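Undergrad: Here it is: the structure, laid out below.
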Amino acid sequence: MAKTSIKLNSGYEMPLVGFGIWKVPVDKTAQAVYDAIKLGYRQIDGAYDYTNSKEAGEGVRRAIEEGIVKREDLFITSKLWNNYHKHEHAIEMAKHEVDTWGIGYLDLFLIHFPISLEYISHSKMPYPCFWPDREKSRSTPLQYTPVAETWAALESLVKTDSNPDGILRSIGVANFRAQLLTDLWGSAKIKPAVNQIEHHPYLVQPQLLAFLKDHGIAITAYSSFGPQSFVELDHPRVSKVEPLFTHPTIKAIADKHGRTGAQVLLRWATQRDIVVIPKSNNVDRLKQNLDCVSFDLSDDEVKQISDLDCGVRFNDPADLSPPIYIFD
C-alpha cells in the first residue's frame, strides 16, 4: 500500500498530500475545501494572511456535519503573520485564527516568515500584509522581535499532558534557513515539527533538506510547480525559465508513467517524504494530485528532476520595496 502520511516529531500523523488554499478566492473557499475533503483530502493548508480562514472553516464544518469525516480525521494548518511576533500578539493571533476556523483546534501552526513587523491590531486593519495601508504608500517598519519570544508564545498553546486545553497540536516554521533553526533549536522546549519551504526542481535546496532530515523536522513544499504558481502574479522570473509542465525532462518521465506533469512533480517530492499542498480549482486535477502517491519514480528519474536545480526562488521578500533579506 502506498505511503500516504508521515509521522511528525510531535507524534501526530501528517498527510503527504494536502489542499493548499493560498490564492483560493474568498467566495469560493468554503466550497473548494468541502469538495477537496469529499474527494479524499485530509489536510488543508491555510494561513491568516490568505484571508480565507473563516470560509475554509465553513467548508470543514460542512464536511463534518454531513458525516464525510470526523474532526480527528483532518489535519488543518494555519500560520502566524509577521505583525504578530511579540509574545502577547502571537498568542492573540493564534487564538483568533483558531476561533476563525471554528473547528476547536489547529493541528499545525507555523511562523509564516522569519520577519517581525510592527504590530497592527486586527480590529484596525485586518490582513495588513507588508503594508499598513491598502494603497501600499509606505512599508510597515520592522519590529525586531526575537524568534525565541514568538516561539515561546506558541509553545504555551500546545496541547500537552500539563496543558490539556492547548489549542495547537503541533507547531513549526516556514521559510526558515538552517542557521536560524539552529538558534531556535537551542532554546526551544518543543522542537519545530515542520518547516514549510519553497521547493521545486528549480529550487531544490539539498543542504537545507539534509539539515531538516538530520534534525527530525518534517518538510512541507509549497509552489511545487515552480513558476506556474506565480504566473498570475506577473513575477519577473517566471518568463526566464521553462514552465515545468512542458519541460522535456518532466514530459518524458510523465509520458513513460502515463501520468501528468503535475503528478510527476508531486511524486518527486512525496517519494522523498516531503509533504505537498497543491491548489487547483479543477476537480479532475484535484483527483490527479491526490493520486500522486500511487506510482513510483526510479532513482534515476528522481535525480534527473533534481538536476534541474538552478537556484531560482520565486517567493522572496527581497523583491519587495524596500527589500527584506531573509535568504541571503
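From the backbone N, Cα and C atoms, a Cβ is placed for every residue, glycine too.
Pulled the feature table from Swiss-Prot, pasting it below:
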type     : residues                  : note
ACT_SITE : Y50                       : active site, proton donor
SITE     : K79                       : site 'Lowers pKa of active site Tyr'
BINDING  : H112                      : substrate binding site
BINDING  : 174-175, 223-232, 279-289 : NAD(+) binding site
Undergrad: When the Cα of N282 (NAD(+) binding site) is compared with the Cα of each of the recorded positions Y50, K79, H112, which one is closest?
TA: Y50
Undergrad: Among the binding-site residues listed here (K279, R285), identify the one with the smallest other-Cβ count within 10 Å.
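TA: Each of the binding-site residues K279, R285 was scored by Cβ atoms within 10 Å; lowest is R285.
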Undergrad: According to DSSP, does the residue listed as 'substrate binding site' fall in a helix, a strand, or coil?
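TA: Its secondary structure by DSSP: coil.
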Undergrad: Would you count the other C-beta atoms found within 10 angstroms of the C-beta of S224 (NAD(+) binding site) for me?
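TA: Its Cβ has 28 other Cβ atoms within 10 Å.
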Undergrad: Counting only residues 6+ apart in the same chain, whose Cβ is under 8 Å from the Cβ of H112 (substrate binding site)?
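TA: When sequence neighbours closer than 6 are ignored, H112 (substrate binding site) has A47, Y48, D49, K79, L80, W81, N82, A174, N175 within Cβ distance under 8 Å.
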Undergrad: In the structure shown, with every protein chain counted, which of the recorded positions Y50, F230 has the densest set of Cβ atoms within 10 angstroms of its Cβ?
TA: Y50
Undergrad: Which whole-number value in Å describes the distance between the Cα atoms of K279 (NAD(+) binding site) and Y50 (active site, proton donor)?
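TA: About 13 Å separate the Cα atoms of these two residues.
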Undergrad: Please report the distance from the Cα of F230 (NAD(+) binding site) to the Cα of Y50 (active site, proton donor), rounded to the nearest angstrom.
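TA: About 15 Å separates the two Cα atoms.
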